[in-house]
Ligand code: ATP
């Protein structure tokens with residue numbers, strides 16, 4: 001609310017929030033409500049989205065994409081209105097904030113769009129935190145996590161960061177306190193996959209096999225043990241993603257990407273979430289950098305990252 005006669009001064013809060021990979025992802029059968037239960041180990045990695053939220057005198061929410069984005073956004077379908085997850089996050093925060101103003105959100109995109117790394121979810125998590133600061137809403141992390149879950153199953157994890165086990169729709173999170181670093185090479189595709197379509201494909205493949213799938217209720221403890229000790233070789237043996245075969249069915253080229261990662265020295269490779277980004281596990285940071293360099297030489301969009309990294313955090317706050 002503005003005070004009549006007072007001069008408006010705008011303020012910008014900038015927040016960064018990480019993308020994620022699912023180190024393990026077990027997917028249950030299609031539920032009556034149309035969703036799938038999952039049991040997953042999430043790892044936040046050092047590839048960040050950034051949202052700069054600037055208060056505006058005019059009411060309402062506007063969204064733009066920053067020219068500093070490292071993705072080629074030509075021809076990429078990112079809605080800038082109410083369809084954008086960051087817009088929806090700001091709208092939810094405005095509803096619960098007494099001192100909400102208009103806001104402009106400038107998003108710097110680095111996480112591949114529709115890549116299975118929760119890029120839109122990271123934008124939403126960053127926006128929740130930025131608007132909370134901008135409007136002095138004073139919500140606790142727990143209250144923010146609650147709003148995050150309303151926006152999408154992957155949004156709470158981008159707020160939390162680190163390593164966590166996700167059950168239910170992936171939003172029932174328990175931090176896993178695994179701090180040892182693992183090193184990965186992300187190979188982005190120049191197209192996206194629709195998450196609902198990947199799930200539908202998995203249901204179709206399973207129906208054709210006639211095998212009953214159990215509801216997942218826990219993750220493989222070996223994944224957490226390997227992450228806690230940072231034992232990349234052991235971790236490489238237990239990576240699992242039930243969605244991988246559906247992603248490969250929709251995009252057979254992923255098989256080649258996984259194969260070329262392994263033939264260039266990756267310990268193991270996995271499709272991240274619903275894909276098509278592939279995450280290749282390396283021995284250490286040096287091996288990851290050299291694997292990324294090799295793959296780039298063969299024309300892949302490869303980037304070395306590490307995890308776990310912290311969740312969404314404020315990087316600047318300027319008047
Ligand atoms: P997830 O792994 O959470 O399913 P994803 O990483 O595969 O998601 P996103 O990049 O988050 O995919 O976005 C998927 C779709 O959502 C995009 O194709 C786009 O149309 C829409 N979208 C809405 N808001 C955003 C946003 N802020 N950034 C990118 N895409 C967005």
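Residue 1 is the first one shown; counting continues down the chain.
Heads up, the Cβ atoms here are built off N, Cα and C, so glycines get one too.
Bear in mind that TrEMBL entries carry predicted annotations, made automatically and left uncurated.
Over in TrEMBL, the protein carries these features:
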- 20: active site (ACT_SITE)
- 154: active site (ACT_SITE)
- 112, 113, 114, 115, 116, 117, 118, 119, 120, 121, 122: ATP binding site (BINDING)
- 84-162: domain 'GHMP kinase N-terminal' (DOMAIN)
- 224-300: domain 'GHMP kinase C-terminal' (DOMAIN)
Sequence-ordered recorded positions from 20, 112, 114, 120, 122 with Cβ under 6 Å of an atom of ligand 1: 114, 120
Residue 154 (active site) and residue 112 (ATP binding site), Cα-Cα, nearest whole angstrom: 15
Sorted by sequence, non-112, 113, 114, 115, 116, 117, 118, 119, 120, 121, 122 residues with Cβ within 8 Å of centre, ATP: 19, 111, 277
Cβ atoms near residue 154 (active site) (within 10 Å, other residues, all chains): 30
Those binding-site residues listed as 114, 122, and which of them has the most Cβ atoms within 10 Å of its own Cβ: 122
Binding-site residues: 112, 118 - member with fewest neighbouring CB atoms within 10 Å: 112
DSSP-derived class (H/G/I helix, E/B strand, else coil) of residue 20 (active site): strand
Fewest-neighbour residue among binding-site residues, criterion Cβ within 10 Å, set 116, 120: 120
Protein Cβ atoms within 10 Å of residue 20 (active site), excluding its own: 34
Rounded distance in angstrom between the Cα atoms of residue 154 (active site) and residue 20 (active site): 9
